[in-house]
Each structure stands twice: as C-alpha cells, then as structure tokens.
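Taken verbatim from TrEMBL:
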- 22-114: domain 'Core-binding (CB)' (DOMAIN)
- 133-312: domain 'Tyr recombinase' (DOMAIN)
C-alpha cells in the first residue's frame, strides 16, 4: 500500500486517531472545518482550501507524501512557479497582491497544521512589496466643472447632492445609497454612516456649501420624488432608493455636460470622486490619520496609498 498525505479533521483533533489519506481532499476538509470554527466567512472557507489545490499537486510532483516533511526548497519552488504563472483573466503575471494572498494562505494553512498536531510548513519567503494602483484623480478645476454642469432645473439639486456626498464627503458607493434622511444631520453638519465596508459606523463632517446642497435637495426636490417610501435620502424618479447604476449614469451625464473632452476620455467613476477628495485633503495639509478616519479606513495603511498622488 502506498503512503499518502496524512490529515485529521476537527473530530480527529479531539482524540480520534488519524488515518492516512491518499488524496488532498481530507486535508482540505479539515482545513475548511478549522476555518469555519475560527470564524471565517463562507466565501473564504471555500476559496482558501481551493487555492491550495495547486500546492498539493506540486507536492505530488515532487514525491512529497507527508505534510510533516515538506522541505523549505519545495515551498520555494512552488512559490516561484506562482511568480511565473499568468492570470487566467488578464493573461499577465500574477500581481503582488495575489502572490501575497497565496503566501498568507500557506501561512494560515501552516497554523492549522500546527494547531491540529500535524506539523507545520517551514516558510521563509518574504511578502512582495505592495503595488499602488494607478488612480484617476480629478483636479479642483475638474471638480468645479462637474458642479457647474449640474442642471439649472430642479433635478440639478439632486445632482449637486450626489456630488457633495461622493466628492465632498468621500463616501463609498454603497454608503451613499444606504443613507436615510435621518442620517443627514444638518444641524451638526455630519453624515452618519451606519453601514460601512468594515461594519464600523462613523460620522463624516461636511462644510457649509455641502450643507446648502443637502438642504435645497431635501426642501425643494426630494418631496416631489416621494412615492410611499419616505426613508431613503437619495430617491430616483420613481420614489425608490437610487441604485449604483443610476448614480453612475448621473456622473456620466455630468461629465458629458462639461464639454471637457479629456475628462470624457478618462475612466471616471464614483470612486474617483473619493480618491480625489482624499488627494486634495492631503495636498491641503490634513494629517493622514484624520483622512483615514474621514474615509472610514480600517487602518492607516489603506490611506497611505494616496501619498504618492499629492503632487498631481
């Protein structure tokens, strides 16, 4: 009988004797159980073990039959194969962020092996440096052009409110969509974000000009849109909560109205407005930790990606 990779499930970790397995499947099942126990999301519980399948194939190709005896060089060889691999989606080499994701998964899998008494993987590979993606950032003049492009008709009040939320307050798309009327605290000049990306509520300040935009929208245009649901702040023409598609169309319309051909040729989305206000605040000298709180980042590292844009 051929030897195989030995693994245990959480049940075996509690005292049931481990039995040899001749495929990686039981190893991954044990890993999935462990991820579930320590509180990972359903998607992650499925994706992380699946990501390890090429690793087990690599072990098989190098005749490694025990997870307790995986040489460092074998792991290095596997990682080098990842660095030479091309993405199925782009046809380009894997990005550093993707490589780091594989490396984090290997380290987490090693933690699982150690915690369940199955040994550990000796990983002596450093994480790849973080890549800063190219971000589209509007100039202050281009932002002024968008505001000037808002309709002079009453529906322009909603357009200005949208710009003041996504540029002035730097909101994420869903944060603005999820806002209700009582989340706009006009007297305190704060927007209450209850449903944020990291599940942490926050208050975002706004200036007098944005307060005026919100007041005028609430007083002169939104009442004409109400059709039963009086809760959402941003309503569409049917009186329902605005969608991301509608918001994107509104921004596209404003860009077209500017008559700025250069602006029209660029890929500008709602998140561009968020990138722009972050960059402009940095250029004005605001401390990076204050900008991090303003944007609702879980840590300052995410905000540091804007540092290389301050000279635009």
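Note that Cβ sites are derived from N, Cα and C of the backbone, with glycine treated the same way.
Any TrEMBL annotation is an automated prediction that lacks curation.
Averaged across the domain 'Tyr recombinase' (133-312), pLDDT in this predicted model comes to 91. Note on the domain 'Core-binding (CB)' (22-114): DSSP counts are 66 helix, 2 strand, 25 coil.
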